[in-house]
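Engineer: The ATP binding site annotation in TrEMBL covers Gly261, Gly262, Pro263, Gly264, Thr265, Gly266, Lys267, Thr268. If you look up TrEMBL, you'll see 240-635 marked as domain 'UvrD-like helicase ATP-binding'. Here TrEMBL flags 1-30 as region 'Disordered'.
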Amino acid sequence: MAAQAQKGNAVDTARSTTSESDGDAAGDSAREREIALEQEHLDRVYVRLEEKISEAEFLMRDAARKGHVGTPGALAERDAQVFRAGVHLNRLNNEYEDFLFGRIDMLLGKDGKKGPDGAYTSVEPADEAIREDDTADIAETLHIGRIGVLDEDYAPLVIDWRAPAAAPFYRATPVDPGRVVRRRVIRSRNRKVLGVEDDLMRPQITAYLDGRELAVIGDGALMAALGRSRGHTMRDIVSSIQAEQDQVIRAPAASVTYVEGGPGTGKTAVALHRAAYLLYQDRRRYAGGILIVSPTPLLVAYTEGVLPSLGEEGQVAVRAIGSLVDGVEATAHDSPSTARVKGSYRMLKVLRKAARGALELGPGGNGGTPCPERLRVVAFNRRLELEAGELEQIRRTALGGTAPVNLLRPRARKLLLDALWQKSGAGSRHSDPELAAELRSSFDEDVTTEDPFVEFLDAWWPELTPRAVLTAMADERRLGRWARRVLTPGEVRKVARSLRRDGLTVHDIALLDELEAVLGTPVRPRRKRELDPLDQLTGLEELMPQREETQRERAERLAKERVEYAHVIVDEAQDLTPLQWRMVGRRGRHATWTVVGDPAQSSWSDPDEAAQARDEALGTRPRRRFTLTVNYRNPSEIAELAARVLALAMPGAEAPTAVRSTGVRPRFAVADGGFGPTVRAEAERQLALVDGTVGVVVAMNRREEAARWLQGLGDRVVALGSLEAKGLEYDATVVVSPAEIADESPAGLRVLYVALTRATQQLTVVSGERDDPDADGVPDLLRD
Ligand SMILES: Nc1ncnc2c1ncn2[C@@H]1O[C@H](COP(=O)(O)OP(=O)(O)OP(=O)(O)O)[C@@H](O)[C@H]1O
């Protein structure tokens with residue numbers, strides 16, 4: 001269903017002035033003329049791009065033939081634009097709908113200076129740009145696209161969307177238009193221009209381009225974009241970024257950029273576009289990688305296509321919070337009360353004790369070879385022995401302080417040798433210190449080359465893995481010991497029980513990462529990787545006839561090898577637990593940060609504790625704060641209903657302003673008996689009404705049941721647990737039993753707020769008995 005644009009003041013963009021009406025013949029021919037003009041330009045762009053790819057191919061062949069062409073850095077520098085053009089052209093043919101998507105027509109600037117991309121730099125118009133009779137001439141026209149393209153005379157055919165010259169395309173508003181008179185969004189596919197949508201920034205003047213009055217076509221690009229139906233993946237918003245979003249995307253990368261905004265304000269979209277922008281601004285700096293932390297694998301999958309569509313993927317790792325530790329991937333959730341314990345600061349003490357305590361369990365931590373209770377060796381032809389009590393004392397001394405347990409093994413080994421040396425009595429034989437030292441050293445060699453000593457050490461001070469310690473914590477009695485005076489017996493029971501289950505949960509990943517830090521990894525000699533001079537060229541492999549590794553594969557490999565990043569972007573930051581903040585913080589100790597979130601959507605029950613952890617992870621770096629205020633996802637009818645829950649969840653919090661209205665009010669249905677038939681019927685109804693996707697959101701413990709209710713309805717409909725709905729959106733949603741969702745956890749009302757704000761067009765709320773629906777089916781929690 002097409003959404004109707006609401007001509008309100010909510011959007012920080014121009015409302016369009018339409019100089020034609022639908023079906024009007026003059027209007028149609030104006031549209032066709034404008035489309036033909038843009039087609040001409042697009043054709044020129046493709047001719048130029050093809051020239052550039054030929055250049056790129058030649059260079060590549062040449063580079064491969066010669067084996068090397070200067071230092072990798074210099075090569076990358078010199079040819080980066082050529083390579084990128086080639087890569088983009090390759091993809092353009094297959095993937096990109098809108099390579100060239102924008103245009104701005106501008107007045108004469110205050111001065112005649114041009115920037116490196118060939119565009120005039122002045123933001124404000126010259127005094128004489130507008131004549132007294134409110135007419136003006138267009139002095140400069142810029143086309144905006146996914147990459148910059150210069151013609152043979154170095155004049156800009158297309159400006160990269162991230163270049164400073166493109167900023168007016170996003171920033172200009174009727175209130176503050178700068179030099180922009182008309183902003184145009186161009187829609188194309190397969191090299192064919194399909195349509196144009198214009199917004200007038202200075203509707204009060206009559207502007208001329210080449211002696212002809214400037215045409216204005218269509219109803220505005222934003223509304224067209226918002227009305228489109230949703231698929232299983234997110235689209236980029238590059239052609240309709242709004243001014244307040246653009247401020248965030250282009251904010252300087254220093255320190256911490258902190259962005260808050262309600263549901264649907266574009267936080268995730270902005271975060272992804274910011275990653276692409278930062279890479280464009282300073283590719284060398286971000287060669288250290290950008291990490292985007294996402295709350296769920298579903299959201300990672302949903303947003304996966306955005307960066308490639310912006311021409312970026314190699315240096316950006318998008319990871320779910322449950323996949324941040326290499327080699328493990330967790331998707332299962334703990335119950336809210338268990339998650340609360342596992343994510344809290346209190347676990348730090350428990351983990352430190354567990355890491356030390358697990359040593360006593362011998363190699364494997366749990367059940368394997370038991371920890372030996374005595375050490376017997378022969379040295380200098382004497383039998384020497386250390387008893388359990390002595391060993392215990394040595395262990396305690398070795399463990400003093402806070403150093404990582406695995407790194408203390410050399411210290412423990414030294415203490416053992418000291419004790420054996422003492423027992424041998426050999427120390428008293430020589431008073432000459434040099435001779436004594438020599439004797440000691442041959443004693444040590446004697447002992448340490450003996451198998452029993454080596455075997456003893458391996459069993460008595462094994463190298464512990466985080467996984468082994470976590471497994472050891474699954475024993476309730478043992479965990480009780482390690483958590484004494486920190487967790488209650490009930491909490492110990494819950495944590496131990498959850499660790500006994502198969503597979504790891506999302507919250508276990510932060511425990512593993514913390515244990516990794518507490519245990520430490522002994523340094524092992526690493527094999528040096530040979531440096532291939534061509535290795536640093538992005539996109540190279542796509543042009544080489546025999547590539548060995550795709551860009552994505554290489555990105556994955558680099559991500560695995562990488563421990564820290566140059567920039568960290570945290571999406572849905574309100575949900576990170578203290579331990580998760582510590583885990584993410586370790587990956588960005590020297591990074592700059594972008595943190596986006598909405599406290600009103602937090603599913604974490606102790607926001608103050610999480611805020612403290614966030615502040616610790618981000619350190620004392622100064623914060624630059626932004627607030628996004630416009631909801632681009634929900635029509636006002638849905639946003640109004642959700643705002644009722646917001647008022648309960650966070651009294652006084654302000655909801656973002658919905659930018660459009662569909663005239664379709666949310667629907668209420670009551671399930672008599674079981675939910676299954678009603679939910680299925682409502683989902684079927686939604687499927688008939690919308691072209692895109694339908695999401696059915698239920699309390700977490702009903703997920704599997706809900707999947708069964710929807711069996712056979714096809715892949716346009718999905719069942720989701722309330723926590724999985726985070727960040728996602730659907731054309732239509734069915735929210736099942738608000739009361740169940742709200743009662744799931746202390747943060748349940750905020751989780752319900754998330755569930756109610758997922759739909760772009762239609763929302764149905766299904767109530768059960770527990771929801772206490774009124775005669776209209778409106779559940780208690782959603783009544784005015
Ligand atoms: N400027 C824009 N032009 C077109 N679409 C936009 C724009 N800004 C946001 N959107 C669309 O609005 C929807 C919501 O955006 P996004 O998911 O980034 O919001 P969010 O703030 O992260 O929401 P939530 O907090 O609920 O997860 C997306 O479909 C996005 O593409």
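Cβ atoms are placed via backbone N, Cα and C, with glycine included.
Heads up, TrEMBL stuff is auto-annotated, nobody curated it.
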Engineer: Here are some binding-site residues: Thr265, Thr268. Which one has the most Cβ atoms within 10 Å of its Cβ?
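Structural biologist: Answer by Cβ density within 10 Å: Thr265.
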Engineer: Determine the Cβ neighbour count for Gly262 (ATP binding site): the number of other Cβ atoms within 10 Å of its Cβ.
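Structural biologist: So the Cβ neighbour count for Gly262 (ATP binding site) comes to 29.
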Engineer: Sort Gly261 (ATP binding site) into helix, strand or coil using the DSSP assignment.
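Structural biologist: Going by the DSSP assignment, Gly261 (ATP binding site) falls within a strand, counted as strand.
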Engineer: Do you know which of the binding-site residues Gly262, Gly264, Thr265, Gly266, Thr268 end up with C-beta under 6 Å from ligand 1?
Structural biologist: Gly264, Thr265, Gly266, Thr268
Engineer: Minimum Cβ neighbour count within 10 Å among the binding-site residues Gly261, Pro263, Gly264, Gly266: which residue?
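Structural biologist: Output over binding-site residues Gly261, Pro263, Gly264, Gly266: least Cβ neighbours within 10 Å is Gly261.
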Engineer: Please classify the secondary structure at Gly266 (ATP binding site) using three-state DSSP.
Structural biologist: coil
Engineer: Over all shown protein chains, what is the count of other CB atoms within 10 A of the CB belonging to Lys267 (ATP binding site)?
Structural biologist: 25
